[in-house]
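S.K.: I have a structure here, written as structure tokens, and I will follow up with some questions on it.
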Amino acid sequence: MRLHVADHPLVAHKLSVLRDEATPSPIFRLLVDELVTLLAYEATRHVRVEPQEVRTPVTTTTGVKLSDPSPIVIPILRAGLGMLDGMTRLLPTAEVGFLGLQRDESTFEAVTYANRLPDDLTGRQVFLLDPMLATGATLVASIDYVLQRGARDVTAVCLLAAPEGVQVVQDAVGDRADVQIVVAAVDERLNEKKYIVPGLGDAGDRLYGVV
Ligand SMILES: O=P(O)(O)OC[C@H]1O[C@H](OP(=O)(O)OP(=O)(O)O)[C@H](O)[C@@H]1O
Ligand SMILES: O=c1cc[nH]c(=O)[nH]1
Ligand SMILES: [Mg+2]
């Protein structure tokens with residue numbers, strides 16, 4: 001498994017505003033969208049392309065186009081939905097699937113409550129979107145889900161990760177697939193409630209309110 005931490009002053013600036021407890025939901029949503037577009041540039045560095053002839057006004061040349069089958073982008077509901085537009089802005093031809101998982105806040109296990117994905121993901125590049133990688137249970141369950149459907153090339157785009165969660169994902173994935181995590185920052189640790197410290201609180205609640 002590979003971990004890529006975005007190292008860019010704009011990412012650091014936007015992330016700092018995101019962390020601020022005084023940042024209201026409308027600004028929070030806007031910043032998540034902007035941050036994801038910056039991360040998407042890194043996350044798509046190895047997106048598959050193939051040669052394509054292009055006729056310019058002057059001559060013909062060989063360019064590239066995204067290979068078939070198109071990549072699939074999967075936001076992990078609820079909070080991952082806030083990352084979808086930022087990702088598809090750079091990958092407008094990608095298909096979009098949905099996975100709904102919620103962390104049980106007493107056992108910290110991930111409970112799956114929804115899925116709308118193709119049965120067969122063989123040969124597809126998969127981009128999972130979830131702002132928070134805390135214990136790693138949600139991301140491991142999501143990766144297992146797409147690997148069971150045949151995917152072998154998976155990139156998770158996250159805003160924040162805890163070192164504990166990164167290790168859990170690394171151990172769980174092993175050499176089963178090519179998995180990459182692209183993240184804006186790896187924070188210090190998890191607290192006793194398994195929240196990321198310093199973190200930004202509950203990403204879903206800050207995007208969409210407490211339900
Ligand atoms: O690494 P973990 O310990 O599994 O925690 C991370 C998960 O927790 C949050 O979702 P949450 O369960 O709060 O659902 P929500 O998106 O509906 O708020 C977050 O968006 C991740 O999916
Ligand atoms: O810090 C955390 C941990 C899990 N889920 C969140 O939204 N935030
Ligand atoms: Mg939540």
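Placed from the backbone N, Cα and C atoms, the Cβ positions cover glycine too.
So TrEMBL has the following annotated:
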type	residues	note
BINDING	Arg78, Arg103, Asp130, Pro131, Met132, Leu133, Ala134, Thr135, Gly136, Ala137, Thr138, Asp202	5-phospho-alpha-D-ribose 1-diphosphate binding site
BINDING	Ile196, Gly201, Asp202, Ala203	uracil binding site
DOMAIN	5-209	domain 'Phosphoribosyltransferase'
S.K.: Using a 10 Å radius around its CB, how many other CB atoms surround Gly136 (5-phospho-alpha-D-ribose 1-diphosphate binding site)?
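M.R.: Here the count is 24.
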S.K.: Take every residue in the domain 'Phosphoribosyltransferase' (5-209), average their pLDDT values, and give the whole-number result.
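M.R.: Looking only at the domain 'Phosphoribosyltransferase' (5-209), pLDDT averages out to 97.
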S.K.: From the centroid of the CB atoms of Ile196, Gly201, Asp202, Ala203, the recorded uracil site, which same-chain residues not already listed sit within 8 A by their CB, in sequence order?
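M.R.: What remains near the Cβ centre is Pro131, Met132, Leu160, Tyr195, Gly199, Leu200, Gly204, Asp205, Arg206.
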S.K.: Please report how many Å separate the Cα atom of Gly136 (5-phospho-alpha-D-ribose 1-diphosphate binding site) from that of Ile196 (uracil binding site), as a whole number.
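M.R.: Each residue's Cα considered, Gly136 (5-phospho-alpha-D-ribose 1-diphosphate binding site) and Ile196 (uracil binding site) end up 11 Å apart.
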S.K.: Please report how many Å separate the Cα atom of Ala203 (uracil binding site) from that of Met132 (5-phospho-alpha-D-ribose 1-diphosphate binding site), as a whole number.
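M.R.: Per the Cα atoms, Ala203 (uracil binding site) and Met132 (5-phospho-alpha-D-ribose 1-diphosphate binding site) stand 7 Å apart.
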S.K.: Do any residues at least six apart in sequence from Gly201 (uracil binding site), in the same chain, have a Cβ closer than 8 Å to its Cβ, and if so which, in order?
M.R.: Glu21, Tyr195
S.K.: Of Met132, Ile196, Gly201, the binding-site residues listed, which put a C-beta under 6 Å from ligand 1? Please answer none if none do.
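M.R.: Near ligand 1, sequence order: Met132.
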S.K.: Please give me the CB contact count at 10 A for Ala134 (5-phospho-alpha-D-ribose 1-diphosphate binding site), counting all chains in the structure.
M.R.: 26
S.K.: For the binding-site residues Arg78, Asp130, Gly136, Thr138, which residues place their CB under 6 A from an atom of ligand 2?
M.R.: none
